[in-house]
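As structure tokens, the structure follows; a few thoughts come after it.
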Amino acid sequence: MGSTATETEELENTTFKYLIGEQTEKMWQRLKGILRCLVKQLEKGDVNVIDLKKNIEYAASVLEAVYIDETRRLLDTDDELSDIQSDSVPSEVRDWLASTFTRKMGMMKKKSEEKPRFRSIVHVVQAGIFVERMYRKSYHMVGLAYPEAVIVTLKDVDKWSFDVFALNEASGEHSLKFMIYELFTRYDLINRFKIPVSCLIAFAEALEVGYSKYKNPYHNLIHAADVTQTVHYIMLHTGIMHWLTELEILAMVFAAAIHDYEHTGTTNNFHIQTRSDVAILYNDRSVLENHHVSAAYRLMQEEEMNVLINLSKDDWRDLRNLVIEMVLSTDMSGHFQQIKNIRNSLQQPEGLDKAKTMSLILHAADISHPAKSWKLHHRWTMALMEEFFLQGDKEAELGLPFSPLCDRKSTMVAQSQIGFIDFIVEPTFSLLTDSTEKIIIPLIEEDSKTKTPSYGASRRSNMKGTTNDGTYSPDYSLASVDLKSFKNSLVDIIQQNKERWKELAAQGEPDPHKNSDLVNAEEKHAETHS
């Protein structure tokens, strides 16, 4: 029994070192050995009661420490905002960050049940086939013809600088419909999942009607088209599309297209405070996000819009699970918990969970405009601020206090964007690039070591698609993925935009809506420097 006691004392001296280091597994092995030794001694009747009590108490303390540490790791989001000091960030901006990106609506923190992980086999040959088909142009398929102006605009759809506003103008305010159809065609989703073209067009048009229902300045069909294109860019240029199955790519594009369907132009908190029907329906939990998914799926109950009619039962269920998780993850109040969970996953030896990674991609795309060119970013910011101010007007009419950034007379636009970039956008895109590196680098290394690639991989590496003007699209094989360039480009653009906001903040935060000269000057400056 002495050896057991000695080992216990030694373990006590190293417990906390192991808990915070990389030798946690070793600690558990030693603790397991002690407990098994005690069991054997109990069986033999050779037990020292004092040592037995000491070891059991110690085992309990270790388990309790681990439980507390794990609970704190999963639930504590306060530290994510701990570096927002009152003397460096205006109180209004700090309140907005806290109220928007954390769940602090008077609800008790409660450990959420771990969602079942969605696991599927990565079909390499299948992936190779769909990538080879991506750039097969089908501009004049039955049911949808592309106007010449739309064809010209969509030539830039693979670029980060893609101008969705130009597409919306070229398409007669149907940017979402053409973006959905374009990507479903490029990824060969129509053929692969036997999607009736008439259903796809009817569904896309119904989505546009829903996005236009409340005439929102920001959360409208243009935003949906922008997020969908951004998701496409991320999948394409990080190589993530090589990691995903065709069903998962369908889920990504579909979720992006519907993620803000029938958005009311007001926040979840506004719905909760006004006790709206949708807040009552969803019990104040991710109110709008639940509605977006539910309403979009309700459309597909109509036969003429049922784009998923030919999916197998398993595929339909798997896709729905993915779409629900992705869209609910766009609830900004879960931002810090989502970031923390992914960051913790990166520290684990096993691979990243597909559904959670896909959710991160959609979330990043949803808040990506500060990482776009100043011309686009500034335009999106002005639209979002006007939407906030319209909510503030409603709050004033109802006698409610102004939500953060919703008072058009006092809101500091530049400061809010600086805070948004510092505490939300930069960490999100940093995590996105770290995640894609962990996923894709092993795939690139494996691909380069394969002397005789599979049929699909071989066809994928040589894939080039012919465009309308007879030229070739770029090579988007695994070998062509340049994660360093992807990361550096984002960092540079975000930094440039932040500096521009700092310049505006230094000018004294003029009201961008009352001072039209400022807005016009900014847009002219953006045009000359874009």
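Cβ atoms are placed via backbone N, Cα and C, with glycine included.
The region 'Calmodulin-binding' feature in Swiss-Prot is assigned to 24-44 (among others); the stated evidence is experimental evidence.
As annotated by Swiss-Prot, region 'Calmodulin-binding' applies to 114-137 (among others), with the evidence given as experimental evidence.
The domain 'PDEase' annotation in Swiss-Prot covers 142-508, and the record cites sequence analysis as its basis.
Per Swiss-Prot, active site, proton donor is recorded for His219. For His219 (active site, proton donor), other Cβ atoms within 10 Å of its Cβ number 22.
Among the features that Swiss-Prot reports, Zn(2+) binding site is placed at His223, His259, Asp260, Asp366, with the record citing similarity to another entry. Within the same chain, the residues at least 6 positions away from Asp260 (Zn(2+) binding site) whose Cβ sits under 8 Å from its Cβ are Tyr211, His219, His223, Ala224, Val227, Leu288, His292, Thr330, listed in sequence order.
The annotation Mg(2+) binding site is assigned in Swiss-Prot to Asp260 on the grounds of similarity to another entry.
According to Swiss-Prot, the region 'Disordered' annotation covers 450-471 (among others).
Taken from Swiss-Prot, the feature compositional bias 'Polar residues' applies to 451-471.
As annotated by Swiss-Prot, region 'Disordered' applies to 502-530 (among others).
The compositional bias 'Basic and acidic residues' annotation in Swiss-Prot covers 510-530.
Within 8 A of the CB centroid of the Zn(2+) site residues His223, His259, Asp260, Asp366, the other residues of that chain are His219, Ala224, Val227, Ala256, His263, Thr330. A C-beta separation below 8 Å, combined with a sequence spacing of at least six in one chain, links His259 (Zn(2+) binding site) to Ala224, Val227, Glu289, His292, Met326, Val327, Thr330, Leu362, Asp366. Local packing around the Cβ, expressed as the count of other Cβ atoms within 10 angstroms, is greatest for His223 among the binding-site residues His223, Asp366.
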